[in-house]
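Novice: These came from TrEMBL, pasted as-is:
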TRANSMEM  6-23  transmembrane segment
TRANSMEM  35-57  transmembrane segment
TRANSMEM  69-87  transmembrane segment
TRANSMEM  107-129  transmembrane segment
TRANSMEM  141-160  transmembrane segment
TRANSMEM  172-195  transmembrane segment
TRANSMEM  201-221  transmembrane segment
TRANSMEM  233-254  transmembrane segment
TRANSMEM  274-296  transmembrane segment
TRANSMEM  316-339  transmembrane segment
TRANSMEM  345-368  transmembrane segment
TRANSMEM  406-424  transmembrane segment
Amino acid sequence: MGLSVFNYFWLVVSFIYGKVFHEKMSEGVTHFFKNLSYVGFGTFIGTAFLFTFNVLVGRLLGPLEYGKFSLVQSISMFLYVPMLMGYHNAMVKYNAEEEKYDRQKNVISTTYILVLIFTTISVIIYLFIPQKILEYFSVSNEIFDLCILFSVLYAVYMLLTATVNGLHKMKAFAMITPIYSTILLFTFLSIAYIKPLSYKLAIFSMLFSYLITSCLILIYIRKYLTYEFDRKWAHTLTNFAIYSIIGSMTFVLYPNINQILINMYMSTENLGLYNAYSFASVNIASLIFNIFNGVFFPVASKCKDKTVILKRINRIAPYLIIFGTIFIIIVEFIILNIYGSKYTIKIPLLFSFAILSILIVYYGTYNWTFSSEGLDGVKLVNKTSILIAIINVILAMFFIPYLGLIGATISTSIALVIGVYFLLSKGKYFKYDKI
């Protein structure tokens, strides 16, 4: 029975692939989809627990406390970037290029030492941030201290996850999200009875889950861990990371700056409502994209001719935009109803968040394709990301005070459209003018 279901699945995949690309699946494409199925299956299981956790937190805490919960995560996304400094992306690229144990061991150990240095420096700087800066962004000391701790554990988790990804251990990579989400949900359920129920309990559950999952990954990859520091690899990794960090910062900026500005111009309760919509749309779309990209980026890094990849992206884009938008709207409606009556469903917000979600996926696909080209690709992506971030911040500061939550989605959507156009218009720079 299991075999027949699996065979039917591949028949469907092969049929759709043939209709879209007008060719049979090659051995490389088949291998890609098999790895994708591993990651997709694992993420699907993990998503069920993550979904349950987020809905429970939203329903039990209400918009105000849920807003604080969202704020901690949003600020932490900014704080963790200087800790990793883009080295995790560089590690994935260079480990994925050649599967040689000694090379991979040197890359990993050198990356870890560099990240440890930058994490230590970052934490010291954060501890001395002036109170006036926190007050300007309407952030209390208590919340900011939690953000520092959250960012450290999240950086460690991201680094270890990237390690498994770069080693092409796709079955193990597929298990990470289910393990993390299972620990997360059961930890929260174990302490949810504590009164008064606050955002801190939800954050503690996440911190504990990151810690345990990271320890398990460390055990799994222990044979690659040494105290060796290779200066040559440090130089190579740093060259890639310097440009990657700009892209990472701006990629974090435009989805999270909206939440910080909403907290400034509106209220924490409105932030909770925004986060519910964002989870039901942007997070779901990003989750699906991360499944794809977890397999796609290592494969794209190996591929010498990126024109083939770009042609396939262009061909599938109309299907993504049409069916993706419809899918996200349906998912949004279902999830927001589960959140409860405190989270009002508004049709304009449903559509605006759905469109934003698809644009993020659409841009992300091109972003990582060009990044897989190497330093030149990363430079172009950085220019594009900076452009998107600047446009988004300017528009958000204007639209949010006047249009409210929908102003945030409009500003980011406009910025992404301009960013995609800019990125593709520079295709000739990479001799992609025939795509």
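Cβ coordinates are placed from backbone N, Cα and C, and glycine is handled just like the others.
Whatever TrEMBL says is automated annotation, not expert-curated.
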Novice: Tell me if the transmembrane segment (345-368) touches the transmembrane segment (274-296). I count contact as 3 or more CB pairs below 8 A, with pairs 6 or more residues apart.
Specialist: yes
Novice: Taking the transmembrane segment (141-160) as the reference, which of 69-87, 201-221, 345-368, 406-424 gives the largest number of Cβ pairs under 8 angstroms?
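Specialist: Stretch with the highest Cβ contact count: 69-87.
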Novice: Same-chain Cβ contacts of the transmembrane segment (107-129) under 8 Å, 6 or more residues past its ends?
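Specialist: Tertiary neighbours of the transmembrane segment (107-129) are 79, 82-85, 87-88, 90-91, 94-95, 144, 148, 152, 155, 159, 163, 166, 221, 224-230, 233-234, 237-238.
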Novice: Take the C-beta pairs under 8 A between the transmembrane segment (316-339) and each of 69-87, 345-368, 406-424. Which stretch has the highest count?
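Specialist: When the Cβ pairs under 8 Å are tallied, 345-368 comes out ahead.
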Novice: Using a Cβ cut-off under 8 Å, which residues of the same chain at least 6 positions beyond either end of the transmembrane segment (69-87) come close to it?
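Specialist: Contacts of the transmembrane segment (69-87) (Cβ under 8 Å, skipping residues fewer than 6 from its ends): 57, 61, 111, 114-115, 118-119, 121-123, 126, 139, 143-144, 146-148, 150-152, 154-155, 158-159, 199, 202-203, 237-238, 240-249, 252-253, 256, 259-260, 263, 268, 271-272, 274-275.
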